[in-house]
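*Asks:* Below are the structure tokens for one structure; questions will follow.
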Amino acid sequence: MSISPLAPAWLSYPEDANALRPIEWAGGVARTGNGELAVQGIGVAELAKEFGTPLFVLDEDDFRARARGFKQAFDAAFADLCGGVDVYYAGKAFLSTEVARWVTAEGLRLDTCSGGEMAVARVAGVPAANLSLHGNNKSVDEIRTALEIDLGRIVVDSLDELERVALLARETGKRANVMLRLTPGVHASTHEFIATAHEDQKFGLSMIELGEEPSPAAAAVSYALTHPELNLLGLHAHIGSQIFEAEGFELAARKLLSFQAEIKNKHGVELPELDLGGGYGIAYTEADTPREPAVLAAAMADVVAATARELGISIPRISIEPGRAIAGTSTFTLYETGVRKTVQVQAEDGTLSPRRYVSVDGGMSDNARPVLYDADYTAVLASRVTESEPIVSRVVGKHCESGDIVVRDVYLPEDVAAGDLLAVPGTGAYCWALASNYNYLGRPAVVAVRNGAARAIIRRETEADLLARDLGA
Ligand SMILES: *Cc1c(COP(=O)(O)O)cnc(C)c1O
């Protein structure tokens, strides 16, 4: 066997299919002496036996270290500019009460974007002042709750919403802390960012003037500054996801600071805060080349300092909102393999070439990202090591969809067989959070490993759970 013509250009033929690329795995993951994959010394066979499969296996120490790492790196880079950075963990990536407690204990704050996420944070005991509320269509109830609990900040997404927040603030007798989410015309993803007016989407207030009319962003600032029930803290932008380079963040920072200078000229006010959003990328496969937080923080700090100096404005307190870069790599999904199938596929050169399909006991219900975003993942045989030749394989789920793919392209050992355990790294963000009950599969448990001990932080859904809301059952 050798390089398959079916392999995409980025996928290299593995010298050793048992090897782990460290950048894709949590810090506590390694193979033990007998070759089994383990987290902090706990083997996957034991985890599968105790908690079942599919299973989200989360290295809590790794998660916390990444949370702490962001806070420390950005604090260090911005210490002399604005005294440090407020890091809001984007809860939508993966949230449970335990996770909310971890990020709080590590000195982070928490982004929520629904009543449900706020409820998790409150049950976890996160101080309301540490919470923010996002969303392009917040309900009256969600806004009212935020006001009643004195939530730290509401990130307002439109003029309609700003008026609604003002109305509800008057009604509840509260002063609303608001940030304004703008669309700075920068849209970034992975290696590329498009510095054009990315206007055609649902989020944020446009910065483009409409003839003689001020831009929606400028109108929102005027409105907020003339309504005393609104406490305008600052501007916000979130430019995309899975971003590797600093340029997109730098460009957004420049645009927001320039707007901040315009606000100063027009209204004589210097807004005290500025949020540069999330989107820091991680390594899902060997094709991904994320930067260390310290590298990005240093680049962003330089741009913020230089731009503020040029514009003659003071530097606002900076905040950021990483989600994936904290949760993503902390977790792998453990599956048990079942049916294998080998098909002959016509390669581009016309020759037939084998592709191995390896079915697992989960699929698009526990990882919707390949279906939703064409996302790539990798996988390794976890229950053992083998000398068997690698073959181009596709890891598929058990759902009634041919698009039910977990890993589109990976070289797996030929002898992977029913009953083996397979691990897919990088599933800590937007996997459990996007999980469904398609085909009446129960959603998997999440197990956290800390100090060499494993415990479930979310239990597996049972058939009783699946039937619990069926009023005819
Ligand atoms: C999704 C989101 C984030 C987090 O994005 P990541 O790519 O997970 O870092 C941060 N801020 C906002 C407003 C978001 O919508």
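Placed from the backbone N, Cα and C atoms, the Cβ positions cover glycine too.
When I checked TrEMBL for this same protein, it listed these features:
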ACT_SITE  Cys400  active site, proton donor
BINDING   Gly279, Glu321, Pro322, Gly323, Arg324, Tyr430  pyridoxal 5'-phosphate binding site
BINDING   Arg324, Arg369, Tyr373, Glu401, Tyr430  substrate binding site
DOMAIN    71-327  domain 'Orn/DAP/Arg decarboxylase 2 N-terminal'
DOMAIN    346-428  domain 'Orn/DAP/Arg decarboxylase 2 C-terminal'
MOD_RES   Lys92  N6-(pyridoxal phosphate)lysine
*Asks:* What span in Å does the pyridoxal 5'-phosphate site cover, taken as the longest CA to CA distance among Gly279, Glu321, Pro322, Gly323, Arg324, Tyr430?
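*Replies:* Max span of the pyridoxal 5'-phosphate binding residues, Cα based, is 15 Å.
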*Asks:* Could you round the CA separation between Gly323 (pyridoxal 5'-phosphate binding site) and Lys92 (N6-(pyridoxal phosphate)lysine) to a whole angstrom and send it over?
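*Replies:* Taking the Cα atoms only, Gly323 (pyridoxal 5'-phosphate binding site) lies 7 Å from Lys92 (N6-(pyridoxal phosphate)lysine).
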*Asks:* Spatially, and counting Cα to Cα, which of the recorded positions is closest to Pro322 (pyridoxal 5'-phosphate binding site)? Options: Lys92, Arg369, Tyr373, Cys400, Glu401.
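*Replies:* Of all the candidates listed, Lys92 is nearest in space.
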*Asks:* Compile a sequence-ordered list of residues in the same chain as Glu321 (pyridoxal 5'-phosphate binding site), six or more apart from it, whose Cβ lies below 8 A from its Cβ; state 'none' when nothing qualifies.
*Replies:* Val87, Tyr88, Tyr89, Ala90, Asp111, His238, Asp275, Gly277, Gly278
*Asks:* Of Gly279, Pro322, Gly323, Arg324, Arg369, Tyr430, which binding-site residues come close to ligand 1, meaning Cβ under 6 Å from one of its atoms?
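*Replies:* Within range of ligand 1: Gly279, Pro322, Gly323, Arg324.
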*Asks:* If we check Cα distances from Arg369 (substrate binding site), which of the recorded positions Lys92, Gly279, Arg324, Cys400, Tyr430 wins as closest?
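*Replies:* If we rank Lys92, Gly279, Arg324, Cys400, Tyr430 by Cα distance to Arg369 (substrate binding site), first place goes to Tyr430.
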*Asks:* To the nearest whole angstrom, what is the C-alpha distance linking Glu401 (substrate binding site) and Gly279 (pyridoxal 5'-phosphate binding site)?
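*Replies:* Given the Cα positions, Glu401 (substrate binding site) is 30 Å from Gly279 (pyridoxal 5'-phosphate binding site).
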*Asks:* Whole-number Å only: compute the distance from the Cα of Gly279 (pyridoxal 5'-phosphate binding site) to the Cα of the residue listed as 'N6-(pyridoxal phosphate)lysine'.
*Replies:* 12
*Asks:* Restricting attention to the domain 'Orn/DAP/Arg decarboxylase 2 C-terminal' (346-428), give the mean pLDDT.
*Replies:* 97
*Asks:* Return the residues near Tyr430 (pyridoxal 5'-phosphate binding site) by Cβ distance under 8 Å, restricted to its own chain and a separation of at least 6 in sequence.
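*Replies:* Counting only residues 6 or more apart in sequence, the Cβ neighbours of Tyr430 (pyridoxal 5'-phosphate binding site) under 8 Å are Lys92, Ala93, Phe94, Arg324, Arg369.
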*Asks:* Across all chains shown, how many C-beta atoms besides its own are within 10 angstroms of the C-beta of Pro322 (pyridoxal 5'-phosphate binding site)?
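*Replies:* For Pro322 (pyridoxal 5'-phosphate binding site), the 10 Å Cβ neighbour count is 29.
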*Asks:* Go through Lys92, Arg324, Arg369, our recorded positions, and report the one whose Cβ sees the most other Cβ atoms within 10 Å.
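*Replies:* Highest number of other Cβ atoms within 10 Å: Arg324.
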